[in-house]
Amino acid sequence: MTQLPTSQSAPVVDGLHGAARNMAMLAVALSVFLALLDYAIANVALPDIARDLNASSSSSIWVVNAYQMASLVSLLPLAALGSRVGFARLCQVGIIIFMVSSLFCATATSLPILAGARVLQGIGGACIMSVNIALVQFIYPHAEIGRGIALNGVVVALGVALGPTAAAAILTIGSWPWLFWINLPFGALALGMAFYALPKVPRTSGSLDITGSILCMLAFGASVMGGDGLAHSQNTAISCALLLAGLAAGVLLVRREAEAPQPILPVDLLKNPEFAVAFITGFCGFVASNFYIISMPFTLHNTLGLSSAATGLLITPWPLGIMCAAPLIRRVADKVSAGVLSSIGLSTTALGFFLLWLLPAHPSVWDIAWRTGVAGWGFGFFQPPNNRAMMVAAPHTRAGGASGMVQVARQAGQTLGAMGVAAFFTWFAQGATQKCLLMAGCVALFAATLSASRLFLNTKKAA
């Protein structure tokens, strides 16, 4: 019989307290903010990068795709590695990789070099993101985990929201390499805080499953590349072959991991209905959000004729709404069922998306802003309790796997949402942006219904 992994270091006694908790949470926040800000910041500079590196506009998108792809395919293997080497240590290594790759990005002289550096940067970002919620679970006492996850959600919203603004500010006084140079001093600060404040947590024994890690990366990587090709109606035969390869790798991975005590793909956690429902709910929520996030700028700029500056400002109520939800959700996340809170949040998000879909032909700025704020507030109300539900459904020895799956739900959902928008733009010559907003509302409403099903799970469990 296979023995369960054992702890390699003394566990933290039900979280940190006082100044130690505040400093540790600040260290996590700085690390997460660094990773997310740099992902968001590069989008704005793509035209400048394409011009300076003599690349086409379509090719320059790989500056963004390389980061996203590398991060997604490496999340679960890195989460498993974090359980073995320690979450704090993996976060520290991730910051170092992020800083070194930022140096390579800033000095890149061609698009392939820059894309390669962004792959390395994506791996560094995945080191940070794969363990950040696992660290929160050990920083806060069990009864207050929802507070920590809500605060983490605010940091995520800030990182995404400030990316375009920070990029615009930097590009007014410098060239695009400064978007990466700026990571060095901020990375040094985050690294110092990580070494000083992050807690030591239990580690699991055993070596990393290399074969499982390779299958995991193949499954995600081939599926994403194949799906992206089909969404853009490019190289259909190759895209279908990649999808089949990804599916085959996924089947082999599930069969391999089903009997593993510490699987790369946490099949053991997905067998828990509470964890599985929370994961699928989170995934669908992020599919819906990216249908909105990617399509809405086209609605504002192309359909309504607003300037780029006005478009940027009218997207801002989305992260502001998320941040406005944080104070309330921090107070109730540990007291009220995730089935109730996340369903309310996702229903509100769906309402906001439907209201945006029903915008009048000539809306005012206020018409757009308040609808966007409603959707953002709902999304901020949905995320923390849903993430908390995933973490508390997993034992402490599987905190790394649970934290990795929280991030997989986010990134895989965002990726599928982006593919969906690309497909709509390819398939529909007219009204694609409106159809994307309608789809965003429908997917969010489906996620709300799925979230509410947890109430029946809890009732059945109590009976």
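Heads up, the Cβ atoms here are built off N, Cα and C, so glycines get one too.
Feature annotations, courtesy of TrEMBL:
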| type | residues | note |
| --- | --- | --- |
| TRANSMEM | 23-41 | transmembrane segment |
| DOMAIN | 24-460 | domain 'Major facilitator superfamily (MFS) profile' |
| TRANSMEM | 61-81 | transmembrane segment |
| TRANSMEM | 93-113 | transmembrane segment |
| TRANSMEM | 119-140 | transmembrane segment |
| TRANSMEM | 149-172 | transmembrane segment |
| TRANSMEM | 178-198 | transmembrane segment |
| TRANSMEM | 210-230 | transmembrane segment |
| TRANSMEM | 236-254 | transmembrane segment |
| TRANSMEM | 275-294 | transmembrane segment |
| TRANSMEM | 306-329 | transmembrane segment |
| TRANSMEM | 336-359 | transmembrane segment |
| TRANSMEM | 436-457 | transmembrane segment |
Next item on the list: Mind pulling out the one from 93-113, 178-198, 306-329, 336-359 with the most Cβ pairs under 8 angstroms to the transmembrane segment (275-294)?
Entry: 336-359
Margin query: Could you check whether the transmembrane segment (149-172) packs against the transmembrane segment (436-457) - three or more CB pairs closer than 8 Å, residues at least 6 apart in sequence?
Written below: no
Notebook entry, point to check: Apart from its near flanks, which chain residues at least 6 from the ends of the transmembrane segment (61-81) lie with a Cβ under 8 angstroms of it?
Noted result: 39, 42-43, 46, 49, 90, 111, 114-116, 118-123, 125-127, 129-131, 134, 208-209, 212-213, 216-217, 220-221, 224-225, 262-266, 400-401, 403-405, 407-408, 411-412, 414-415
Check: the transmembrane segment (236-254) and the transmembrane segment (119-140): do they have three or more Cβ pairs under 8 Å, with pairs 6 or more apart in sequence?
Finding: no
Margin query: Which sequence-distant residues neighbour the transmembrane segment (210-230)? Criterion: at least 6 residues beyond either end, Cβ under 8 Å.
Written below: 69, 72-74, 76-77, 80, 236, 238-247, 249-250, 252-253, 256-257, 260, 263-265, 412, 415-416, 419, 422-423
Check: Same chain, outside the transmembrane segment (306-329) by at least 6, Cβ under 8 Å from its Cβ: which residues?
Finding: 146, 150-151, 153-154, 157-158, 160-161, 164-165, 168, 292-293, 296-297, 300, 341, 345, 365, 368-370, 372-381, 383-385
Item checked: Spatial neighbours of the transmembrane segment (23-41) far in sequence, C-beta under 8 Å, 6+ residues away -> 16, 64, 67-68, 71, 91, 94-95, 98, 102, 121, 124-125, 128-129, 132, 135-136, 139, 148, 151-152, 155-156, 158-160, 162-164, 166-167, 170, 179-180, 183, 186-187, 189-190, 193-194, 196-199
Next item on the list: State the residues, same chain only, that lie 6 or more residues beyond the ends of the transmembrane segment (436-457) and have a CB under 8 A from a CB inside it; answer 'none' if no residue qualifies.
Entry: 273-274, 277-278, 280-281, 284-285, 287-289, 291-292, 294-296, 299, 337-340, 342-343, 345-347, 349-351, 353-354, 356-357, 378, 382, 386, 389, 420-421, 424
Margin query: On average, what pLDDT score does this prediction assign to the domain 'Major facilitator superfamily (MFS) profile' (24-460)?
Written below: 86
